[in-house]
Amino acid sequence: MARPRHQPGGLCLLLLLLCQFMEDRSAQAGNCWLRQAKNGRCQVLYKTELSKEECCSTGRLSTSWTEEDVNDNTLFKWMIFNGGAPNCIPCKETCENVDCGPGKKCRMNKKNKPRCVCAPDCSNITWKGPVCGLDGKTYRNECALLKARCKEQPELQVQYQGKCKKTCRDVFCPGSSTCVVDQTNNAYCVTCNRICPEPTSSEQYLCGNDGVTYPSACHLRKATCLLGRSIGLAYEGKCIKAKSCDDIQCTGGKKCLWDFKVGRGRCSLCGELCPESKSEEPVCASDNATYASECAMKEAACSSGVLLEVKHSGSCNSISEDTEDEEEDEDQDYSFPISSILEW
């Protein structure tokens with residue numbers, strides 16, 4: 001009886017399939033990472049079992065890849081104890097085909113590695129002078145503000161042209177916005193709501209720091225914009241003829257502080273912990289005492305139950321920064337933080 005012969009073609013086909021399987025397996029054996037750290041290791045695991053081509057197809061500049069096919073325990077040790085995965089291969093070695101997004105460009109750094117840096121298009125900017133940003137800081141020009149927005153403040157915008165001011169004098173707000181001065185005597189441009197709906201409940205009434213009852217928060221905002229100086233909220237409900245803080249009920253964990261200058265009380269948030277920062281600027285308060293910071297002044301006010309406000313920055317022995325603004329800044333009773341204007 002004749003033995004069956006092995007077909008050489010079938011054996012070759014089997015070997016080809018085995019090689020293809022091994023090739024596919026090796027192609028899927030790598031790990032994809034979102035960045036390469038300064039120590040040269042891969043960090044922030046994106047996905048396992050990806051080929052280099054698949055990993056690098058994301059187009060991210062910082063994406064990197066490791067070839068090692070390791071278990072979960074090894075990956076955990078790399079990420080937690082070793083500062084990342086070794087043998088890290090960056091997807092991008094040059095700036096070719098790198099898309100950094102709007103306002104950024106790819107440039108080779110001193111170590112000859114591609115990096116996305118802020119490079120806003122400033123060619124269409126006509127005003128070359130300083131501008132005041134929405135963060136209350138002065139920038140030497142609008143291009144410098146755009147760079148700051150690119151780096152760390154995506155919501156940063158130009159409020160008005162020129163340096164940030166302590167008064168609304170000479171502040172020209174764009175569009176329909178109006179200049180308002182906050183508690184720290186910084187000028188901001190805000191949009192006034194000219195139409196307020198009629199209140200539907202008596203619980204909407206608010207007592208302003210000017211002793212006037214407002215039908216709603218919208219009406220208080222509107223009055224603030226028309227005045228050009230923040231009025232502020234004394235307490236919720238209609239204003240009453242209080243003889244002391246004992247007559248005023250504060251809500252939301254606030255404490256009543258008495259303003260002896262006008263004979264009225266207002267509810268203030270106390271219990272704030274002052275940061276131990278040497279960068280805080282001292283302030284001269286309405287009691288003619290110098291405090292290490294505005295926070296320290298508020299802490300003293302909460303402790304005594306007497307309202308204190310900032311007269312000017314710096315020591316009480318120093319001269320106020322803007323003597324020309326004394327006339328406009330004399331009525332501190334109309335002040336409260338600008339954030340309150342924007343949040344309501």
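The backbone N, Cα and C atoms fix where each Cβ goes, and this holds for glycine too.
Swiss-Prot records a disulfide bond between Cys118 and Cys150, which is the match among Cys88, Cys150, Cys164. Between Cys295 and the candidates Cys270, Cys274, Cys316, Swiss-Prot records the disulphide pairing with Cys274. Take the candidates Cys173, Cys179, Cys239; Swiss-Prot pairs Cys207 in a disulfide bond with Cys239. Checking Cys88, Cys91, Cys100, Cys106 against Swiss-Prot, the residue bonded to Cys95 by a disulphide is Cys106. As annotated in Swiss-Prot, Cys225 shares a disulfide bond with Cys192, one of the listed residues Cys189, Cys192, Cys196, Cys256. The disulfide bond recorded by Swiss-Prot for Cys316 joins it to Cys284 [selected from Cys284, Cys302].
Among the stretches 112-166, 167-190, 244-268, the one making the largest number of Cβ pairs under 8 Å with the domain 'TB' (30-103) is 112-166. Spacing of Cys192 (disulfide bond) relative to Cys239 (disulfide bond) is 24 Å (Cα to Cα, whole number). Sequence-remote contacts of a segment are chain residues at least 6 beyond its ends whose Cβ falls under 8 Å from one of its Cβ atoms, and for the domain 'Follistatin-like 3' (244-268) they are 209, 211, 232-236, 286, 298, 301-302, 305-307, 333.
For the pair Cys274 (disulfide bond) and Cys116 (disulfide bond), the Cα-Cα distance reads 37 Å.
According to DSSP, Cys116 (disulfide bond) is assigned to a strand segment. For the domain 'Kazal-like 2' (186-241), the DSSP-based tally of helix, strand and coil residues reads 14 helix, 15 strand, 27 coil.
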